[in-house]
């Protein structure tokens, strides 16, 4: 029996036999959000040395190739990338790890982001990255030694400290290449939240502790690990399922299996389908060189597992990347049933249903407006009352809270706010920092006084803790005082460096899984020139801060004020993996004026293009409407924004299906405009036909009534 077949069968049997608690289904988040896959574990730079055989004790041998291959590896990273490729954009895949302080870290972070992995919950350690030394023999057998490196730098956390990681999570993948206290704390948090836990028992060679074992739902060993766990022979039942091609490299094949099993798990597939999908993923992985480079994508795994065409050889020879593969993967994934909060109509020319994964929040302070329209059930004119009033907004599911204005400044605690949110049927989306003017008039993170900067960092860390306790993922910084009004008032380079250092301190001090993002704004009545005046400058800042949990929240009005095309800014930041949040509104764009108008009320085409790019990038964010209804009913205004976003989402999907991106590929402005016009005409014709049909039906009903009388 070929190693590829044998390995796939053993993995399948091991997973089936060592299924400890649940059927092949996962506790999922509410239907509005596809449950995420959370991977907590190791990240290594794999150094692959080709050898004809393993050296004996005290023996030195020469490599079979003059140079080593290098690739991103580590069980955690492998499983995160495999899950992202196999989920194909239908749900977030989040990876919590520790990056090192060496040159390899940036390369590995970029590779993870390029593969669609959210690394914003990770941190950076003051030590080198982990490394995997792989001796690869002919036939694909791989023997590895792991240098722990930064993988040892996880702080000791309690299950309560990590509870926020389980919000919106459908399954957790753990491995044993990180300290055991990490797995125990994460598993305890997951078990408390009812989230299934899969443990890869490979890694450190030690028995599983009873305290960890009782928390697990699945343990996933390979053949040698299964033998070690059970003390029984594992080669007594072998069956060749398929004719196989050559085994090239078995590295990460088990990781592909486990990730595929988790993806099928959160999709609610039957057990046999979970195992078939997983075995196919592992089978494809052994046919390619390296760890991350070998991991399969959804379309080829589906084809091997369930398709009549396609076989192992075609899977191994087909490229792992490419727009055609991604399009096929996304289409297959959508057919598998990912859920979302807004969708395009399935009507109209047979266009496919397009799901969007976004939840919505709206500016809480807007609920102060038009109190004459507020009813008794809307509560009082305070934070808790505003939450009650927002509960009336149809389609709203999240609340973004300001710290300290909505928290300590008004005497509220996380427990009181959580109770108010729960009573209103809402959840916390983010905590937004608002620096008091009297203390930070000369700046927060760029302030020339180190004591003020330290205080700004501490206030922000408090905001991170509030976010964690409220179950939110994000701390959003709007530093309206970090800037200047006059020429020669500021040392731009010094202010920049102070900002970078302060943000590094903040990112390192926040609880695991909490993302920190800066909301850039070019000008404000508080500060005419910002230290970070544009999206490009903010992206440079994110590069200089160099923390995986630091990114950007982009505001449409702020981008318009900066003279930017919001869609282009979203595309660049999203492609860099740094789009942590998006705030939507509109503006007439007069110098220094932030109108905060209803979304797409002024810049309709730019709003449509922005939504189009959200569909292309699928960032793991929620949508916040940062608008300022002063004369309007804030409840109606918020509902209008949600309806507008959903309408534009459906329109963007139909335009994409009609070939809109093809015009951008050739810079054909007229082609794009003509398609937009044709779409508008078709919509108008359909509306007219519907109105005529309704009118005719009404006339026939009236005639029937008259005849009956």
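Cβ atoms are placed via backbone N, Cα and C, with glycine included.
Among the candidates 157, 177, 180, the one that TrEMBL lists alongside 44, 45, 46, 74, 75, 76, 77, 78, 255 as binding substrate is 177. Region 'Disordered' is the annotation TrEMBL gives to one range among 276-303, 304-331, 332-359, and that range is 304-331. The K(+) site is defined by 249, 251, 285, 288, 290, 294, and by the 8 Å test on Cβ atoms against their centroid, the other residues of the chain that qualify are 248, 250, 252, 253, 286, 287, 289, 291, 293, 295. DSSP classifies residue 251 (K(+) binding site) as coil under the three-state reduction.
Among the binding-site residues 222, 254, 255, 285, 290, 294, the ones whose Cα sits within 10 Å of the Cα of residue 75 (substrate binding site) are 254, 255. It is 11 Å from the Cα atom of residue 294 (K(+) binding site) to that of residue 255 (ATP binding site).
Put simply, residue 46 (substrate binding site) is 10 Å from residue 251 (K(+) binding site) when counted between their Cα atoms.
According to DSSP, the domain 'Carbohydrate kinase PfkB' (244-296) comprises 32 helix, 0 strand, 21 coil. When the CA atoms are compared, no binding-site residues among the candidates 44, 46, 77, 177, 222 lie within 10 A of residue 285 (K(+) binding site).
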